[in-house]
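TrEMBL lists 81-99 with the feature transmembrane segment. Marked as region 'Disordered' by TrEMBL: 274-314. The feature compositional bias 'Basic and acidic residues' is assigned by TrEMBL to 292-302. TrEMBL lists 303-314 with the feature compositional bias 'Polar residues'. What TrEMBL lists as domain 'L,D-TPase catalytic' is 327-436. The active site, proton donor/acceptor annotation in TrEMBL covers HIS396. Marked as active site, nucleophile by TrEMBL: CYS412.
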Amino acid sequence: MEQLEDNLYLKQYVRNHPDNKMAWYLLGKQYLQLDKTAKANYCFIQAGEIYEAFERKPHPLAESPQEMLEEWNRQQRKKRMIRRAIMGAISIALLLMVMPSNASKLADPAAAGTAAVIDAPIDPTFGVVLTDKGERNPIGSAWEELLSWNKRPSVAAVVKLEEQEGWRRWTGNRRLLMSVEQQSDYVPMEVKMLDGGVCSCKPADASTVKTKFKAWSEQQEVRWTLASAIYHYKRLHEKWPEKLDDLIKPYPNNVLAGDASGMKEMFKPLVAAMKSDQSEDKQPTQSPNESAGDKPKTDSGQRESQYMQSNTDQLVGGVDQTWRKPLEIVVDKSTYRLAVVSGDIIVRSFKVGLGGDKTPEGSFYISEKVKNPNGRDNGQFGSRGMTLSSTLYAIHGTDEPDSLGQDESLGCIRMGKQDVEELFDLVPMGTVVKIKNGTLPSKISESEERFKLNPSQDETNPGKVYHWLG
């Protein structure tokens, strides 16, 4: 028990003092005593010269990481094969000792219980670590994050997004740097370097990881949209949504424009995770004008949150809160671009038409979302409209596509038909809109696939004639 407490103390200490090499060395020694070789090696690499001073030799992984990783993986595979052979021999011996006279009873599924437990995956999901912007040591930083996860997926990938003018581009070039696989609690992690640029080596085959990452990326876009909707529903209604249908209602309560594959399964774990985030921060999800409060008030509610949190990592994409932060819209008047962002990640970027000085700068929010404003999908405002902070300014379509990239509006933000329809689905009611002058790259690669929800409610408003500035 004392050893475990020391280990927990050192883990917390190095998180608060990441530059203390002696603490890294001591934590590595603790992991060695716990027979956690991979974690120990990572700590020893962080310890650097302290490790060399005490061990009187450099750590081999620090000198030739790829060769050491390959050798380590080979040794772990040998150990795994030996372990399975021993377990198989023990199982056979036990079966011979207790074998009944009627051999047909061996077909009882319970007889294979031990093997089923050994081969059971710890988590069937796929996790992702995105390297930070400008990170010079992406592998080391990724290891630190991976090892900090309380629950790791069976396969995790380290990915570097293309960077441009201080932003990371979600739809740009994506480099798969490394994968870490652990199919069972009873086997070590297997590490593969997928990019020769970070290891000076021949990279491993990345096709399987690439396929998994593509599927994960599509679900992550759904996750961002759903998390944003949950966040703004809580802010607008001062309570958490109880079911997905609370978000998908007819106009004017259409927080979300529809649902998508996997959204129903994500909903409850995502709400639980966001409640947990709020509890950890000791601050409610609120706008600047709202007062603090509205924490979970009942023991039953807290128990439900804790229960759901046990499965949250599996269903909402890992322990990183980045994956459930609300999306925002940024409009750059100097480049005529509208971007949907999550932190420093540009999720989507669209060309827009503006009104020069008539388009106000500042912070707004989407207070209304409507399909086919004024009863048409090809009129002055196009097929979609999103009012900004209950004013006459709006983000909407246009029947003058040549005005995109120009200052020809009376203050509104004009978009092309496909772009405004994708934006309408991607961002929920309540999304923050920041209009600035000089913040976004002028050219962004477009996504190969449009984000689209499946509408299930009436989002038109035929009883109102819209007089946005246009």
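From the backbone N, Cα and C atoms, a Cβ is placed for every residue, glycine too.
In the three-state DSSP assignment, the secondary structure recorded for the residue listed as 'active site, nucleophile' is coil. Here HIS396 (active site, proton donor/acceptor) is positioned 8 angstrom away from the residue listed as 'active site, nucleophile', judged by their C-alpha atoms.
In the predicted model, the domain 'L,D-TPase catalytic' (327-436) has a mean pLDDT of 97.
All protein chains considered, the CB of the residue listed as 'active site, proton donor/acceptor' has 26 other CB atoms within 10 Å. In this view, CYS412 (active site, nucleophile) is surrounded by 26 other Cβ atoms within 10 Å of its Cβ, with every protein chain counted.
Counting residues per DSSP class in helix, strand and coil order gives 19 helix, 48 strand, 43 coil for the domain 'L,D-TPase catalytic' (327-436).
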